[in-house]
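Structure first, commentary second.
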Amino acid sequence: MYVVTNRIDVKKGFAEKMAPKFTQGGKIQELEGFQKVEVWLIDDEADYDQMYINTWWDSEDDFKGWLKSDAFKEAHEGKSKTKSDDSPILGNKVVKANVISELS
């Protein structure tokens, strides 16, 4: 299993407004190896919200297929790489990991 986490820092109060956009469903669900998406709001005392958007895949290759897909392009169209003062997004970091041990 392969898990990708996009850690996104947003202005305080915006995480709960933005979270449904990541879990509304769509073409990602039809892609080979896709398992699920979860959005977490990190519980801390920061002056900003930190969201973790976690996607689970059967393999790294399946995740790479998502990155190359039309579904990925459609999900991210209109997103500017340049930050504006109006954007609630303060920054992000993507973390990729192979699950090497699990207890269910």
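Glycine is no exception: its Cβ is also placed from the backbone N, Cα and C atoms.
Annotation source Swiss-Prot lists Fe cation binding site at Asn6, citing sequence analysis. Counting only same-chain residues at least 6 apart in sequence, those with a Cβ under 8 Å from the Cβ of Asn6 (Fe cation binding site) are Tyr52, Ile53, Asn92, Lys93, Val94.
Under 8 Å, Cβ to Cβ, and six or more positions away along its own chain, His76 (heme binding site) finds no residue. Residues annotated as heme binding site in Swiss-Prot: His76.
Taken from Swiss-Prot, the feature domain 'ABM' applies to 2-95, supported by sequence analysis.
Among the features that Swiss-Prot reports, site 'Transition state stabilizer' is placed at Trp66, with the record citing sequence analysis. Neighbour count (other Cβ atoms within 10 Å of the Cβ, all protein chains): 19 for Trp66 (site 'Transition state stabilizer').
Per-residue pLDDT, averaged over the domain 'ABM' (2-95), rounds to 91.
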